[in-house]
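S.K.: Please see the structure below; I have some questions.
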């Protein structure tokens, strides 16, 4: 056995901390504009509708889904610094492109779609990060390291909306640098800030990051990613087959977890604008604050589950997290009698669908209300083009906030436990491609989630959307019960360690 030296230990954890930073920046790149995509899209391209918003959000995950297995495969055979630097550079360039989507005279929504897809492609390095941390930690260190990784991701989700909220002070107009055709406003400043953070990350990867590997017992091993080194110390430890039933089941569960959270974060802005008559700026500001609070809650959860998992095990915590998410979405179902306000502009322009009798509008709107809103520069309320607005009760603010708290509790628990169980099941096997597939399954969820909810919500309303989500979570709980006994570490499965 090769005993780990103190110097190796310090270098190993410095490199792991760089991976934490990379994960943090990846989540910032996603969340820093998530609340402002819809109003910015409406501003630069009036032809874009809520359905296209789903594709904008999903484009990030399409890019990540394509890139994750590729970067994972790359990291299995070459020094991980290569895919990390290349992926981060792509994200930096894509953020700069996003800052210029207002420049073309037409088809601006497609430029925004391209920019977000490239940012997602760069975020495919999450697979490299997770596989490195799995290989650079012992079995006893793994849960804590994975929790820290997810905590850094959560902090990114916290600070992303916080940055966005701060940048709203610049305003929608901001300042223009005519020499380079750059508009610096509440929509472009966040992505330029994200590009700057990416450049800093590249510098730190070159300066600090080193390749390290230890086995499940914590013994120092040669890294298969270091040039000129052979992996001749791991042959005995890697004997045995991975439980592919457990691997597939966790991919499915992870898909569901990311799917429901993608639905939640995508629907936040349209839902609050429709239900509470918030303006674009108010929706960005208030939801930014709400997501920031959820992020803080998530960090606390990550710190707690590291300790709790030692007593109850990862499988039980995953089960509890899914139950909490189920309750969170059940609360979002509209139960009351009060109906949402209807946008005045459609009434004023006589664009009410012929299928809607005019007398149906009288309980919702008086002439005084229409006249009052006619003085606004921006229509607010639930659009009459969404026919469900006329018969679906409002989701009360208390319901929305209660759901935020529960989903903010359940999602981080499910996220970290999925990654931890997955990495332990794979054991000493090279995890780059496997982590790539897990990341790709999560990215697939982020593709289908926004598209699903934008279509179902736009045409059928929140009652159908959230009912279907509850059904998906129930099915995932049944799957977890079926494979529960198979979700054990590789070393435990082959009797090399005792639980």
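Just so you know, glycine gets a Cβ as well, placed from its N, Cα and C.
TrEMBL feature annotations, pasted as is:
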type	residues	note
DOMAIN	15-488	domain 'Major facilitator superfamily (MFS) profile'
TRANSMEM	17-40	transmembrane segment
TRANSMEM	52-72	transmembrane segment
TRANSMEM	84-101	transmembrane segment
TRANSMEM	113-133	transmembrane segment
TRANSMEM	154-171	transmembrane segment
TRANSMEM	191-209	transmembrane segment
TRANSMEM	245-264	transmembrane segment
TRANSMEM	284-305	transmembrane segment
TRANSMEM	317-336	transmembrane segment
TRANSMEM	405-422	transmembrane segment
TRANSMEM	434-458	transmembrane segment
TRANSMEM	464-484	transmembrane segment
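Could you place the listed features in the three-dimensional structure?
M.R.: Tertiary proximity for the transmembrane segment (154-171) is limited to same-chain residues at least six positions away from its ends with a CB under 8 Å from its CB atoms, namely 23-36, 184-186, 189-190, 193, 281, 284-285, 287-289, 291-292, 294-296, 298-299, 302, 412.
Sequence-distant neighbours of the transmembrane segment (191-209) (same chain, 6+ residues past either end, Cβ-Cβ under 8 Å): 14-15, 18-19, 21-22, 25, 28-29, 32-33, 80-81, 84-85, 88-89, 91-92, 95-96, 98-99, 163, 167, 184.
Sequence-remote contacts of a segment are chain residues at least 6 beyond its ends whose Cβ falls under 8 Å from one of its Cβ atoms, and for the transmembrane segment (245-264) they are 57, 61, 318, 322, 325, 329, 407, 411, 414-415, 418, 421-422, 425-426, 434, 437-438, 441-446, 448-450, 452-453, 465, 469, 472-473, 475-476, 479-480, 482-483, 486-488.
Same-chain residues lying 6+ beyond the ends of the transmembrane segment (284-305) with a Cβ under 8 Å from its Cβ atoms: 31, 34-36, 39, 147-148, 150-151, 154-155, 157-162, 164-165, 168, 186, 265, 268-269, 272, 278, 317, 401, 404-405, 407-409, 411-413, 416-417.
Cβ atoms under 8 Å from those of the transmembrane segment (434-458) belong to residues 49-51, 53-55, 57-58, 60-62, 64-66, 68-73, 120, 124, 126-128, 130-131, 134, 242, 247, 250-252, 254-263, 266-267, 270-271, 386, 418-419, 422-423, 426, 464-465, 468 of the same chain, restricted to positions at least 6 beyond its ends.
Here the transmembrane segment (464-484) has Cβ contacts under 8 Å with residues 245-246, 249, 252-253, 256-257, 259-260, 263, 267, 315, 318-319, 322-323, 325-326, 329-330, 332-333, 453, 456-457 of the same chain, all six or more residues outside its ends.
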S.K.: Can you see whether the transmembrane segment (17-40) and the transmembrane segment (317-336) are touching - at least 3 CB pairs under 8 angstroms, only pairs 6 or more apart in sequence?
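M.R.: Between the transmembrane segment (17-40) and the transmembrane segment (317-336), contact is absent.
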S.K.: Looking at the stretches 113-133, 317-336, 405-422, which one shares the most CB pairs under 8 Å with the transmembrane segment (84-101)?
M.R.: 113-133
S.K.: Which sequence positions outside the transmembrane segment (317-336), separated from its termini by at least 6 residues, show Cβ-Cβ distances below 8 Å to it?
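M.R.: Distant Cβ neighbours of the transmembrane segment (317-336) are 253, 257, 260, 264, 305, 308-309, 392-396, 399-400, 402-407, 409-414, 417-418, 421, 462-463, 466-467, 469-470, 473-474, 476-477, 480, 484.
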S.K.: Counting only residues 6+ away from its ends, which parts of the chain sit with a Cβ under 8 Å from the transmembrane segment (113-133)?
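M.R.: Counting only partners 6 or more residues beyond its ends, the transmembrane segment (113-133) has Cβ contacts under 8 Å with 15-16, 19, 22-23, 26, 29-30, 37, 55-57, 59-72, 74-76, 80, 83-84, 87-95, 97-98, 101, 145-146, 149, 419, 423, 430-432, 434-436, 438-440, 443.
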